[in-house]
């Protein structure tokens, strides 16, 4: 049992990031999607530590924030951002019957480029105004983004018979897949409540649940189902919208 969980986590790290793992470590890609939030926790830890190091190096806050956003993209190989771009191109097509075809096109259209600029800009600006505890929020928000992805996998049908995202739906175990991410979020939010602020902890819980549900639900309404691209879009937009929500009233 423990070996199976370990092999799934290894596969999730290889699939969702560019982080290297020893070749001798076993992998099992079936069922890996439930570990996406834990991968988000690993990425969040790298981002939070990097942010602190940049602060020690006295990098200006706007530059520091942009570098963190770019590092997040680099660590995933742009996987989720690419999905958000393809989704934007597809949604821009008036004819619903052609949306999946456009999303499958390897060429980036104008709306895809606009979506990428919007996501990077929103995240960077929001990070400049992110309240305390900044490091814990940077740590946990990537977990929320990927938990939202798992929620969409569990709740909604997959629109393609094949594709890079099909394995998520085909090998999922249902609502139980939400558990690893939920545990990570409960522990993280509990830490914020215990060591910093109950108010901030409750805000993170409420805002996270709102956008984790809303992004997938909105795409479901627009497309009638999900694809690998929409999973990426859910991750990116959930993160961006949570960060933006936390900046309201900070000026």
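Positions of Cβ are set from backbone N, Cα and C atoms, glycine also.
Residues annotated as transmembrane segment in Swiss-Prot, with sequence analysis given as evidence: 29-49 (among others).
Residues 16-19, 43, 46-47, 50-51, 54, 59, 108, 112-113, 115-116, 119-120, 123-125, 127-128, 138, 142, 145, 228-233, 235-237 of the same chain, all 6+ positions outside the transmembrane segment (65-85), place their C-beta atoms under 8 angstroms from a C-beta of that stretch. Residues annotated as transmembrane segment in Swiss-Prot: 65-85 (among others).
According to Swiss-Prot, the transmembrane segment annotation covers 110-130 (among others), on the basis of sequence analysis.
Residues or ranges marked as transmembrane segment in Swiss-Prot: 136-156 (among others). Long-range contacts of the transmembrane segment (136-156) within the same chain: residues 16, 33-34, 36-41, 43-45, 47-48, 51, 68, 72, 80, 127, 130, 168-169, 172, 174-175, 177-178, 181-182, 184-185, 188-189, 191-192, 196, 204, 208, 211-213, 215-216, 219-220, 225-226, 230-231, 234-236, 238-239, 242-243, 246, each at least 6 residues beyond the stretch ends and with a Cβ under 8 Å from a Cβ of the stretch.
Per Swiss-Prot, transmembrane segment is recorded for 175-195 (among others).
Under the heading transmembrane segment, Swiss-Prot lists 198-218 (among others), citing sequence analysis as support.
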